[in-house]
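Trainee: Provided herewith is a single structure, encoded as structure tokens, for subsequent inquiry.
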Amino acid sequence: MVFRWHHLLRYVLNASPLHCVILLIIVPVVSLSSNALPNSPTSDWNTLYNLSGSHSGQEVAGISKLKSYLNQFGYITNNNSNNQPTKFNDYFDDALEHAIKIYQKSFNLNTTGILDSSTINQMVKPRCGVPDIVDGTARMYEHPYIAIYPEIPEARNFTYAFDPKNKLSNDIKRVFANAFKQWSKWSQLMFIEDSSYFGADIKIGFYASDHGDSEPFDGVLGTLAHADAKSGVLHLDNAEQWIIDGDFASGSGSGTAIDLETVVVHEIWHVLGLGHSSVEDAVMFPTMPSGVRKVELNDDDIGCAAHLYGMKPMEQTFINAGYRYSFGLAQMLLFMTLGLFLLDV
């Protein structure tokens, strides 16, 4: 993992002197638990491989599907004033080339504007259904703290509840409780389960296909889940082969097993109004491949949570951080010296 110094320093410059010292002493060494299994792209997205090598000026059958994909995730805007789905053609125009370049830059790929194999390989990975770009703004590589909506919630305490129609087991509910803790242990956020589904701030449910929110799920893989801050909903695709605690060996299909907590940790941030990150090791990176477990926040995620919702009190931060950091004496002295230097500036 690449440590993002500029993200940490951006927070340091806006933090109190005491937090400056703390943050300079504490430098994350994050371990990502990943047991990658082969990915099986959904049949619909898999057709993008037929377009490999396509570039501006060509007319190729199937380009319309590529445009629909990029439109779904915010890279091409809907030109219809009535918000009806745009009917795209198969011409590879300048607007499509521009959209592909933005996509490539967002996912740290070579920015060519050509639909090469590495770009398609990224596109077919299972991912979050929330767009990477909203209203043509807030590109995820431009700022580490992207808000999908102009204002993030002022509250710090949130309630959540499950759709009673799902009749979820305690094991499933425990996964959600653990996912909420991933955010609350690094910030001043607090999440409490509520028995009232309609009265809760965050409404959680598993659904299949068209489920009444104009964002239908597409079956196995493809889009795994989506969340919306305005309505407070967190929806997951019931067609997925959800795995608990990274137990991929228990799954019947090695190429389609999805770790539930990995997706839930990601979607929680969306339901609070925040967007995707272009940092691949961050839990807020848009794709969540089958066979991968990624539930621990990295420095990009933690910096965002601290910047927007405030850090835990000093003693709580040290308690939470204890199991994640290890330092030599030389490192400790170095960062203490840097902290004292900043206090004098």
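The backbone N, Cα and C atoms fix where each Cβ goes, glycine too.
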Trainee: Given TrEMBL annotates His211, Asp213, His235 as Zn(2+) 1-binding, which of His226, His266 belongs to that site as well?
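Mentor: It is His226, as the record lists it for that site.
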Trainee: With a radius of 8 angstroms around the mean position of the C-beta atoms of His211, Asp213, His226, His235, what other residues of the same chain does the Zn(2+) 1 site pick up?
Mentor: Gly129, Gly205, Tyr207, Gly212, Glu215, Pro216, Phe217, Val233
Trainee: So what's the average pLDDT for the domain 'Peptidase metallopeptidase' (148-311)?
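Mentor: Average per-residue pLDDT within the domain 'Peptidase metallopeptidase' (148-311): 91.
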Trainee: For the recorded Zn(2+) 2 site, whose residues are Cys128, His266, His270, His276, Met284, find every other residue on that chain with a C-beta no more than 8 angstroms from the centre of their C-beta atoms, and list them by sequence position.
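Mentor: Everything else in range on the chain: Val130, Glu267, Trp269, Leu274, Gly275, Ser277, Val283, Phe285, Pro286.
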Trainee: Count the Cβ atoms, other than its own, that fall within 10 Å of the Cβ of Met284 (Zn(2+) 2 binding site), considering every protein chain shown.
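Mentor: Result for Met284 (Zn(2+) 2 binding site): 23 neighbouring Cβ atoms inside 10 Å.
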Trainee: With every protein chain in view, what's the tally of Cβ atoms within 10 Å of the Cβ of His276 (Zn(2+) 2 binding site), excluding that atom itself?
Mentor: 28
Trainee: Which of His211, His226, His235, His266, His270 (the binding-site residues) has the most other Cβ atoms within 10 Å?
Mentor: His266
Trainee: Can you check what DSSP calls His211 (Zn(2+) 1 binding site), collapsed to helix, strand or coil?
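Mentor: His211 (Zn(2+) 1 binding site) sits in coil per DSSP, no helix or strand.
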